[in-house]
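Pulled from TrEMBL, these are the features on record:
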TRANSMEM  21-42  transmembrane segment
TRANSMEM  48-67  transmembrane segment
TRANSMEM  74-92  transmembrane segment
TRANSMEM  112-131  transmembrane segment
TRANSMEM  143-169  transmembrane segment
TRANSMEM  175-195  transmembrane segment
TRANSMEM  207-230  transmembrane segment
TRANSMEM  236-259  transmembrane segment
Amino acid sequence: KCAHLRLVCQAEQKPYYMSKLWWCGITLLGLGEAGNFTAYGFAPITLVAPLGCVSVIASAFISVFFLKKTMRTADILGGTLTITGIYLLVTFSPNVPQELTARQVQNYLVSWPFLVYSILEIIIFCILLYFYKRKAVKHIMVLLMMVALLASLTVIAVKAVSSMIALSVEGRMQLTYSVFYIMSVLMATSCAFQIKFLNQAMHLYEATAVVPINFVFFTTSAIISGVIFYREFQSATLLSVFMFLFGCLLSSLGVIIIARNKKEEHLQIPFIDCGHIPGQKLTGKIQPDSHSSCYGTLNKEDDLVKRQS
């Protein structure tokens, strides 16, 4: 975001991929996602997925320094609730062994709870897809429910692939099993369709509505997947389950508070203000001229003479 804003005020317009700052942001994003992928191999799905709320808190606070946003009371309150929820998530997360071999994944794939869950998920997804395609229903709930249903398959596949790679690196080769490649294809396919429907939602609706709803739906679907496929709460006590779910509730509430009423700033008057671009010290306002391809005070003398004549 900061890179795009800086490029707007440059005299010579360059593509965003020529910006070193943009590449720095992409590199950090890639490293973060690599860490997120690795975490699925060493921790339960029901813990890793809800911790995605950390990125929402980080975005709210980092934007104060990089994008010169104003820290709101809602940001502080939402951050406090989310951090409290994270503490409960980490404290009461299910304590299950994380060694996941290819044979275990094969057994989980043919277990009756997962087969029933898969059939129900396919039926619901087909119904939503029918309304989306045939009836042209593009309501935010329809779009994000399809994203969540795909996300449940994604997190199952990501954990399986990450765990098998981790065991292979340790010397216990798992990459020779066909289930590894099946889960890899499932991971890539479900992720691609997730992006499609999520982009559609972001295009049609405000990010302030999409972000919290998507977080709640994604977290819920990931927890259900972890419980049904990997049986992560099989030996957990009732108190641990209650406190874990309470932590999820607090984290979701914090995300909703941070995103609520956070509208994008739009210029209400037709001029370009370079004074608020990060890294720029320009304060002049240039009034566009609707009768020319040039900009107001930047008209050349010959253009002015032509127009007067």
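Quick reminder: no glycine exception, Cβ is built from N, Cα and C everywhere.
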For this session: Determine which residues of the chain contact the transmembrane segment (236-259) at the Cβ level, with the cut-off under 8 Å and only residues 6 or more beyond its ends counted.
Result: 46, 50, 53, 56-57, 60, 74-75, 77-89, 91-95, 207-209, 211-212, 215-216, 219, 223
Exercise. Same chain, outside the transmembrane segment (74-92) by at least 6, Cβ under 8 Å from its Cβ: which residues?
Worked result: 47, 50-51, 53-54, 56-57, 60-61, 239-241, 243-244, 246-258, 260-262
Problem set entry | Contacting positions for the transmembrane segment (48-67) when only residues 6+ beyond its ends and CB under 8 Å are counted | 1-2, 5, 32, 36, 39-40, 75, 78-79, 82-83, 85-86, 89, 155, 211, 215, 218-219, 222-223, 226, 247-248, 251-252, 254-255, 258-259, 278
